[in-house]
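Encoded as structure tokens, the structure appears first; notes follow it.
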2 protein chains.
Amino acid sequence: MSSQLISLVNTDRIIGKHVFGNLYDIDPKILNDKDFLHNLVLEAVKIANMKLVEIKSWNFGGKKGGVSVIALVEESHIALHTWTEYNYATLDVYTCGENSNPQAAFEYIVSQLKPKRYQMFYADRSSE
Amino acid sequence: MSSQLISLVNTDRIIGKHVFGNLYDIDPKILNDKDFLHNLVLEAVKIANMKLVEIKSWNFGGKKGGVSVIALVEESHIALHTWTEYNYATLDVYTCGENSNPQAAFEYIVSQLKPKRYQMFYADRSSE
């Protein structure tokens, strides 16, 4: 009986896991440190058990300025955006494959940014 | 009374709007056409009323291969990932600012990819 049940599950599909959230009340010095944030995402790629394709980071000036770091991993992404004057950041860790662990990567970045409050959500990005 | 109510709303904050979804049963020829998908995202940036910072696209081979296109816009992103053999794509349109329109961009890309079925979700990425 159990083998019949297992045979009904489609294992030949794309497994996509997307953990994302909003991080409030972060030390603004951290949020403007492009190198620190770049390396944070790089480390998170390893923790999520993903293969890095390319990573890039940008600095934005002005009142609503901050840093963006985007990593393309096979075949999904990690995106961190920060707004220094608002002590605010958003984080998306979207990974593919059974063995990927986006939540561990999300929690690692949170542990380093130390927001006073944050929200975390999950979206299933798998094919049928 | 109404002016008192309005004064309680914090207008000095980051407005973040994130529309995302999974697109099923797409013509695989389209899903492997990197130039077509690149231009699709480029057009979507305009439709969302966003300012493009950088756009890049990649081809992946193999059974789980396809195309990824990521556009960094000020200060958020559009990410399209496709899997040719699974007729599958995922789309994230994350924009900032009162005047941005991520849903119009999402619907534009859907209208061009013509999935037989799709899901669309919304997440608020605004600061407090």
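Backbone N, Cα and C define each Cβ position, glycine as well.
Taken from Swiss-Prot, the feature active site, schiff-base intermediate with substrate covers A:Ser76. Taken from Swiss-Prot, the feature pyruvic acid (Ser) covers A:Ser76. Swiss-Prot lists A:His81 with the feature active site, proton acceptor, giving sequence analysis as the kind of evidence. Under the heading active site, proton donor, Swiss-Prot lists A:Cys96.
Looking at A:His81 (active site, proton acceptor) and the residue listed as 'active site, proton donor', their Cα atoms lie 21 Å from each other. For the residue listed as 'active site, proton donor', the same-chain residues that are 6 or more apart in sequence and have a Cβ closer than 8 Å to its Cβ are A:Ile14, A:Ile15, A:Gly16, A:Lys17, A:Met50, A:Val73, A:Glu74, A:Glu75, A:Ser76, A:Arg125.
In the shown protein chains, 27 other C-beta atoms lie within 10 A of the C-beta of A:His81 (active site, proton acceptor). Take the CB of A:Ser76 (active site, schiff-base intermediate with substrate) and look out to 10 A: across all protein chains shown you find 28 other CB atoms.
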